[in-house]
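**Q** Encoded as structure tokens, here's the structure I'll be asking about.
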Amino acid sequence: MNIQEINTALVTIIQKKQELSKLSYNDDRYDEVEEELHDLEDEFNDSFGEYLEEVLGDVHHKVCPDTDVLLPTAYLPEQLNGDGQVDVTGKEGVWVEADAFPNKEARLVLVPNPTRIILSVGKGVREEVWKA
């Protein structure tokens, strides 16, 4: 699997999400940008979904075995900062029941630069649980 292609596709999708978030529903371009985002997400899942679902399955097995694996695009954050990195907040990614953090709100986030999966718990825990 070409990790650089995955990383580039992740950045492209997140940038498109950012572009869409800056538009109001009344903007003439909103529907067009939203459709472009859906096309990018579909292409990403078609190209890399099988590989990433296997990776996510392994991560879920280790970190949150009681939580179902979703499509890889569900784990993506909404934006990149000025340095092309993700500032993982407590609301990015997919909610999971992390065994190591019972009764805590935990999320898995698939982030680029480098491509990796972060376990985010509350405001303080950001643990890399997989790196490409």
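The backbone N, Cα and C atoms fix where each Cβ goes, glycine too.
Automated prediction, rather than curation, is the source of TrEMBL annotations.
Bear in mind that the values here come from a model prediction, so they are computed numbers and not experimental data.
Pasting the relevant annotations from TrEMBL:
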type	residues	note
COILED	23-50	coiled coil
**Q** Which sequence-distant residues neighbour the coiled coil (23-50)? Criterion: at least 6 residues beyond either end, Cβ under 8 Å.
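**A** Long-range Cβ neighbours of the coiled coil (23-50): 1, 5-6, 9-10, 12-13, 16-17, 71-73.
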**Q** Which whole-number mean pLDDT does the model give the coiled coil (23-50)?
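**A** Taking every residue of the coiled coil (23-50) together, the mean pLDDT is 97.
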